[in-house]
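Over in Swiss-Prot, the protein carries these features:
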TOPO_DOM  1-11  topological domain 'Cytoplasmic'
MOD_RES   4  phosphoserine
TRANSMEM  12-32  transmembrane segment
TOPO_DOM  33-123  topological domain 'Extracellular'
CARBOHYD  81  N-linked glycosylation site
CARBOHYD  86  N-linked glycosylation site
TRANSMEM  124-144  transmembrane segment
TOPO_DOM  145-158  topological domain 'Cytoplasmic'
TRANSMEM  159-179  transmembrane segment
TRANSMEM  181-201  transmembrane segment
TOPO_DOM  202-212  topological domain 'Cytoplasmic'
TRANSMEM  213-233  transmembrane segment
TRANSMEM  237-257  transmembrane segment
TOPO_DOM  258-327  topological domain 'Cytoplasmic'
TRANSMEM  328-348  transmembrane segment
TOPO_DOM  349-354  topological domain 'Extracellular'
TRANSMEM  355-375  transmembrane segment
TOPO_DOM  376-383  topological domain 'Cytoplasmic'
TRANSMEM  384-404  transmembrane segment
TOPO_DOM  405-411  topological domain 'Extracellular'
TRANSMEM  412-432  transmembrane segment
TOPO_DOM  433-471  topological domain 'Cytoplasmic'
TRANSMEM  472-492  transmembrane segment
TOPO_DOM  493-536  topological domain 'Extracellular'
REGION    515-536  region 'Disordered'
């Protein structure tokens, strides 16, 4: 008997599972808020230099840019006796007395003057947040293995609530960045524990539905963020409103049961049995729960206990050629997806469209994108779907280079299309990666893939800074990287309708079988070629 069969005895899809998935899914609504929060809390408004204190305010104080608007980062050197208000030949200087902002919102950019020479600090703040997610993955993963999934989930909720609230009261930008880094670490803990506890307690036949439901909560969270940002123009209150609910989620998480596999592998058989009996009672199968014993639990999960004793590490991903290929191609696909996704998701204000409406559109495109991706995965296969999603996204991003800024509708349509393709790419990669890696290396493979996605999302804001050299440079980098990721996916094995590989030998045999079939097909085609006879 496997754990799935034990789960069937206590109720594999009853009231417990519905409540369990709901409690795991609700906090995901808030995860979207934190991931994309700087779209609204770090908006850069129209601005220009503040005139010197002893100058009379007027158009002549500021030089004009080629569009006839006040320069953002320069002003005329103030000469008290100057008599020519429109004299464009006068010397200019940086904004020594600060800036005047044309905005009804309060943002970190306005509060800490993150413009002109300091504008890189805005992108750095987002990169530091992403670095927190990157660092939090392995650190919290190790803590999760040591202390359990449930305590780490509860602690991560509490940590996100505290660090997010701390960011709302930050007295300076460095303090704000530290708290945002901790927010990123917390999100890693929440994501890791949510995935594991969802898979643990839901039957195989329902995992796709439950996982998709949780994924759609992230999409809904993007809608909620737009509404909150519109209603709350002060960045500190918006930050606090997005963080405070996690105090409540930390309390609700005490109801969520611990992973049975973790309890068994940790030798906590008595607690594992009590947890299963509690689930059985909740699902109306109390008598079935009473029949379970510790000895039965040990016997039926012996395979899990034995397999856990064999340790596989990162080096095993590079032991054989096919695994090296899979790891390289998947790493590039994950990196390019995270890299390009956040270039679009965090660039809402660049398209000259109302950011609240555009954020709703960016969130809404995920719904049809993920649905179409699921259909394509089921009928066209994983490899083709993954390749074309990244190739289409890369093409859309590169096309933005050739569309003038005045054509806002077309630029927005291309960005929305690209973002939808990248959302589908994420959905495809989660499934594809879990199917390509053998069971003994699946967790390690997913871990290294997640790292590359986070590296991409961390670097993306910094690459945007290259736009100061030439506006088209960031899109060239983002688009080309997506094309490379899509091309790499063509070299992966197709997993549609194939059983999951269990061991390294399984994937080697699978690769040999594919190679043999390909060679036989080429030989058959060659045998059908009729040589042309030359005249004598």
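Even glycines carry a Cβ here, placed using N, Cα and C.
Between the transmembrane segment (159-179) and the transmembrane segment (237-257) there are at least 3 Cβ pairs closer than 8 Å, counting only pairs 6 or more residues apart in sequence, which means the two stretches are in contact. Only pairs six or more apart in sequence are counted, and the transmembrane segment (412-432) with the transmembrane segment (181-201) gives fewer than three Cβ pairs under 8 Å, not enough to call it a contact. With a cut-off of 8 Å between Cβ atoms, the residues of this chain six or more beyond the topological domain 'Cytoplasmic' (145-158) that come close are 27, 186-190, 192-194, 196-197, 200, 246-247, 249-250, 253-254, 256-259, 262-263, 266.
Counting only same-chain residues 6+ beyond the ends of the topological domain 'Extracellular' (405-411), those with a CB under 8 A from a CB of the stretch are 351-353.
Away from its own ends, the topological domain 'Extracellular' (349-354) comes close to residues 39, 43-44, 405, 408, 411-412, 415 of its chain (Cβ-Cβ under 8 Å, at least six residues beyond either end). Sequence-distant contacts of the topological domain 'Extracellular' (493-536) (same chain, six or more residues past either end, CB-CB distance under 8 Å): 316, 319-320, 322-323, 326, 377-378, 381-383, 432, 434-441. Here the transmembrane segment (328-348) lies next to the transmembrane segment (472-492) in space: the count of CB pairs under 8 Å, restricted to residues six or more apart, reaches at least 3.
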